[in-house]
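Visitor: In case it helps, TrEMBL gives these features for our protein:
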- 19-39: transmembrane segment (TRANSMEM)
- 46-68: transmembrane segment (TRANSMEM)
- 99-118: transmembrane segment (TRANSMEM)
- 138-157: transmembrane segment (TRANSMEM)
- 169-191: transmembrane segment (TRANSMEM)
- 214-241: coiled coil (COILED)
- 372-391: transmembrane segment (TRANSMEM)
- 423-444: transmembrane segment (TRANSMEM)
- 513-534: transmembrane segment (TRANSMEM)
- 583-667: region 'Disordered' (REGION)
- 621-635: compositional bias 'Low complexity' (COMPBIAS)
- 698-743: region 'Disordered' (REGION)
- 707-717: compositional bias 'Gly residues' (COMPBIAS)
- 724-743: compositional bias 'Gly residues' (COMPBIAS)
Amino acid sequence: MITTSTAAPSPSPLLSETFSLLSLLLISITVLLILRHYLPLRTTPAYLLLPVFFALFLPASIGLLVPIDLASPLDSSSSSPIPKGIWLPPAALRVGWRITYWLTFALTWFILPILAEYSDSGFREPKAKVLDSLRANAQYYAVVFGSGLMGFVYVLWSYGKFDASLKGTIMALAYCWGLVLAIYLMGHGLVSIPRRLFRSADVSGRLRRLQCHAPRIYEKMEDAEMELEDLELQVGELGRRKGGSAELFRDWIEELVDMVSLEAQMTPSNARRAVRGTGNERGLPNVITEKWLAELTRDLVRARHARSRYGSEWNRLLEEVVRTQAILDSAGSKRLDFGKGTRTVGSTSLWERASLFTPYTRYLFHYHVAPYLRMALGGGLGLASVCIVWSELVKDLFPSLSVIRYTVIHHDPLGESGGQVGLAGQAIAAFWLLYMCAAALISITEVKVWRGRALVKRNTAPESAFWYASQVARLSVPLSYNFMTFLGSALYKDTVFYGFLGKLIDLTPLGEWFNYLFPAFILLPVFATLFGLYGKVQTMFGFGAAFGMGGEDEDDGEGEEERFYGTGSWREGRDLIERELNGTSASVRNNRRAELGSSTNGGGGRRGGPILSIPRSSTGSSARAPTTPFATSPTSGGGGNRHQANTSARRVGRDRGQVTLSNDGDDENFFEALGHRMKNTIDTFDTPDWFKGFGEGIKKPKWMGGDDNGGGSGKGGGDIRRWFGGGGDGSSSSGGGQGRIRL
């Protein structure tokens, strides 16, 4: 009797392929919506739109390939276990990884850097733009190729074969550089995201931080407008020059003049300065050259984008302040309506217009429910950050202790085969990978980078769009492979991704040890962000806020509130916001700019910066802030008049791009500053009668500048506050006697 055994039919990947195609379509739509948010699609040229689209689409597709690769069998034989999730054949995965990786590699290292400098070049002709871009990237490529040559020599000496050495060197070096950047940025973001959610749960604290940010954003916006005005004056003077070398570039000069004229027509009249010029106008050279015109064109375009950037930040801050203030004010009326308050700054969104909330339910949600939701989400993401850091530390020595491994592998996680990933595990793996990428990418937006790169709604500069897209493409592959190492070597070495990239990384002992040990350095950015070391290092070396990665994490904390308390930071921001919302800031800006245009210093043509008067309450610097954000400062007489420290003004002088702060007390030493602080403190309270005569009869020696009169016999001498430089007669210098403070 002959028995025939029939093998079980292999499962069909039709459903998985359909799901993958639909997912790619959804990713494409999402990327287009992101591009539409930051770029005007109709006017954006194709050479910018297509590379940026693929630079975002390909990394997002990697986030889809990784979970599919984890659940797919390495071979299609009948002996392989039946997949429990979305899977694809090994051949399809291998083609997908090759296309995705090499296109991402080409975009990151060649296409996007060249196009970024091409778009930033000021030349007119495309050939001149390309040559200028290649010259700008020459140093960058020299460093890249030099490092690649040294790495190639090491791999050839260690591996001994030439066939895989070149490709392995290229892929391993690109991975190592991307991993260094990804680990540092991700460590910062793993702390920044939960902290931001926790701080945003406090509505009053959120409003105070917005008020603290307002003076700096407002000053940057005015500086950008002044810089643009100076360049426009230079272009206008260039357009009036007749004859000489200017006639050789007449068409180019007329284009610049037309650009400036169009900008003046599109800008509202109340937003322009009353007096053009700041005393720091740039002179024209005797001979106009093509290189000088290219630099002028580039500076003009950068200045326009800088003004658009800070103007957008200022409008966004105003909108956030209006919303936050409306939430605080709704505590009394139990009703909340954002439409009436935000239309003065910007139109409401479609989501809010179509919202099913009534004013009362909106108040309940934003005032009572939303803070707890933010805290719950911040706690959950904080726990996820701890799990990621812990998995980075134990994945090499104790892989069985990795928390992420047990959240992804649900079927036999401790088996010899490393377990099997199901549909739920794929969804959780996608979440982990998405959170790691979000932590790294949100840190990019907080880095104070050169050239003032920023993402602006509907008006992002082309060079900034290329730069941010290149960073997204550069970080996607290292983060994806680093995530797969959390799951144990038995599982991730049985994937197509490891056969394509992992073997080349582990080709040499140096690459293998680097891949395992370097991620442990994630503790450095985590602790630096958690304990505010960036600000301490900046202060120690005198950099201020010019460098580093402090971002909002270090600016929004209690440290800044205490550091700027008593210097008018949040009060000044409150007044700026109040004037802007009341419609009086336009006239204030025009008057201030008129003063700037008329007051120039001799010698170097240095222009004066904005003079910001800092109001003070008569209770001194020790008085706490009022509870109501837009309320006036308390006064000693209980009336509505506020004392102004007229001599306490911050003058920001700029000479050739350098910023100097000139205050009355900048040259004080430690003991003089301490004496002024003690005087300001004592001047704010009334001395009891039984204590006023305590200093009578005490006489200063003649070598200390004393006279024959006793300490209490002179004018106001009976007050012990005279010992600290104060007095009740009000005859002291500015800052004494009347509750005023001298800075």
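The backbone N, Cα and C atoms fix where each Cβ goes, and this holds for glycine too.
Caution: TrEMBL annotation is automatic and unverified by curators.
Predicted, not measured: the structure shown is a model, and the values here were computed from it.
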Visitor: Give residue numbers and ranges for long-range contacts of the transmembrane segment (46-68): same chain, 6 or more residues beyond its ends, CB-CB under 8 A.
Guide: 16, 20, 23-24, 27-28, 30-32, 34-35, 39, 85-88, 93, 96-97, 100, 103-104, 107-108, 111-112, 115, 119, 421, 425-427, 429-430, 433-434, 437, 462, 465-466, 469-470, 472-473, 475-477, 480, 483-484, 497
Visitor: Does the transmembrane segment (169-191) come near the transmembrane segment (513-534), with 3+ Cβ pairs under 8 Å (pairs 6 or more apart)?
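Guide: In contact, yes.
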Visitor: In the same chain, who gets a Cβ under 8 Å from the transmembrane segment (19-39) while lying at least 6 residues past its ends?
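Guide: Counting only partners 6 or more residues beyond its ends, the transmembrane segment (19-39) has Cβ contacts under 8 Å with 48-49, 52-53, 56-57, 60-61, 64, 68, 86, 88, 455-458, 460, 465.
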Visitor: Under 8 Å between C-beta atoms and at least six residues away from its ends: which parts of the chain pack against the transmembrane segment (138-157)?
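Guide: Distant Cβ neighbours of the transmembrane segment (138-157) are 109, 113, 165-166, 168-170, 172-173, 507-508, 510.
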Visitor: Can you check how the pLDDT averages out over the coiled coil (214-241)?
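Guide: Result for the coiled coil (214-241): average pLDDT 93.
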